[in-house]
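Notes for the one structure printed next.
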Amino acid sequence: MKSKCPMLLLAKLVTALCASVASGFTDLVNVSFDPPFIHDLAAGDNRTVVMHMYFERRLPDGVNVSFHSLDAHVADVMDQLRSLKFEDDVKKDHNGRFSLSFTFTIWGKFIGKTVAAPSLIHESDGRRLELTDTPPLEVWVRRGPAEQRLNSIFVSTLAVLIVIGNILMGCQLNLNVVLETIKKPFAPLIGFCTQFVLMPLIAYCIAAMILMERGMHAHALGLFVTGCSPGGGASNFWTILLDGNSHLSITMTFISTLAALGMMPLWMHLLGRRFLVGHLDAEIRIPYAKIVSSLVALVIPLLIGVLIRRYMSNVADKLTKALRPFILFIIVFILSFGTFANTYMFSLISWPALISGLMLPWCGFMFGCFTSILLRQSPQNVTAIAVETGIQNTGIAIMLLLFSFDQPDADISAVVPVIVAIFTPAPLLLGVGVHHFSKWLRRDELNDSSSSADECVEKGGKNGIANDVIDDVVCRELLPISELKRSEESRCFMRSPDTRARADADSDEKALAKQSLLSVDA
């Protein structure tokens, strides 16, 4: 059996001794910070921190102190390493402990939370000893002033554009139709139930299954608050682009925004506090002023448009023609400048947050559509209810989060409402494209059918058949029934009731006309 090398044994002994001594160092060190925490550091700014270290006895030479951030992406420490030198004139505190102070600069880099912690490092071997008994310095980084100004410009400009759009929409609004919609409230009731029953439950299930399972409590709360919010004003614009019932859409937006004064506190009380893990001291505050301002921003411009229609009908006609192009301009503005103003949010987006933010509005469209179809609503009402259900007033959701949490928690939890706002238009743009493409195809088919009808009438006239009989035969036998129902401009609907009655009564002449036409084609 070979004997072990004495030099190897000596090296192991020295290493063990150094480790024992080093572990004893951490028990002899106390650390405090001035300030004790940093909770208001803006991205791009820096803050000076003084670290006071107290030692029960002098440490041997060759030991340095390091002060580092655990997440350098959020905040970083400049000049992290300092040398511990115990001079003869080192100060002592009132307890007789040796006192050393070091100044560090912390830079805020991106929105989020992190901690900065000290540790001891040996110069000889580079081993790091964490001071586990010392609480680290909390560093919270919020948005920088540049991002805040840019976002304020976007929100203010968007508010003005929406007010102008509501005025244009009011120019084509018929208050009598709105009153009739309210008098027959079945369709608005469907929209209310999908908005304030289905959407909160859908949001709760998505948040619980995808976000809470991964510990993303702030994002889960942001998703749930969005699901409990009323319908957004953009739903009226999308309903117009999709040729839905705009009067029903406006009625549902008004009702849901008014009902949000009671329904949002109810859902927050029933299920909202489950998402406050880690924020037990937070208090959910409903932004009642924001809800009321949303009502005002909807009703007042609409009434202005109605008054323009009543007293300046010529002006109203011109403004109504500009409505659809202006709506498209608003959508482009949101997708372009809105994305640019919230660029910082993209670094906070994770796959679970993105999937959750996409699922909420798309599930709203789907469930709103299926529910209204099952309850036998007209296609225009189905469009209005589905759009109203899927589009949430994310502004109210974001304002609730800003009122309820300090920064940066408010911005972090607002990531999901921002995702919902940015990506909601994607399926709607696809729907608008498909809808208008199908309208274009139907228009071409209708033109072809109309040409065929004129040709048949001309052939029948040459064979001495009465034009009114030919018209009836063409409409009933040669043109597709679906085309007749869709076209109010077809020739068969241009005849007088007396002509229709005579043609229907004279069945023998119609049969003869049909045989003659078939023989002509042959």
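Cβ atoms are placed via backbone N, Cα and C, with glycine included.
Annotated by TrEMBL as transmembrane segment, the relevant range among 98-121, 218-241 is 218-241. At the 8 Å Cβ threshold, with sequence separation of at least 6, the transmembrane segment (353-375) comes into contact with the transmembrane segment (382-403) through 3 or more pairs. Beyond the ends of the transmembrane segment (218-241), by six or more residues, the same chain brings 162, 165-166, 169, 191, 195-196, 199-200, 202-204, 206-208, 211-212, 249-250, 252-253, 256-257, 259-260, 263-264, 267-268, 271-272, 275-276, 278-279, 291, 294, 297-298, 323-324, 327-328, 330-331, 334, 352-353, 356-357, 360, 383-384, 387-397, 400-401, 405, 409, 412-417, 420, 428, 432 to within a C-beta distance below 8 angstroms of the stretch. When Cβ-Cβ distances below 8 Å are used as the criterion, the transmembrane segment (153-177) is approached by residues 233-234, 236-237, 240, 246-247, 250, 297-298, 301-306, 308-309, 316, 319-320, 322-323, 326-327, 329-330, 333-334, 337-338, 341-342, 395 of the same chain, each at least six residues removed from its ends. A Cβ distance under 8 Å defines the sequence-distant neighbours of the transmembrane segment (382-403), meaning residues of its chain 6+ beyond its ends; these are 155, 187, 190-191, 194-195, 198-199, 221-222, 225-235, 238-239, 242-246, 248-249, 252-253, 256-257, 260, 264, 284-287, 290-291, 294, 360-369, 371-373, 410, 413-414, 417-418, 420-421, 424, 428.
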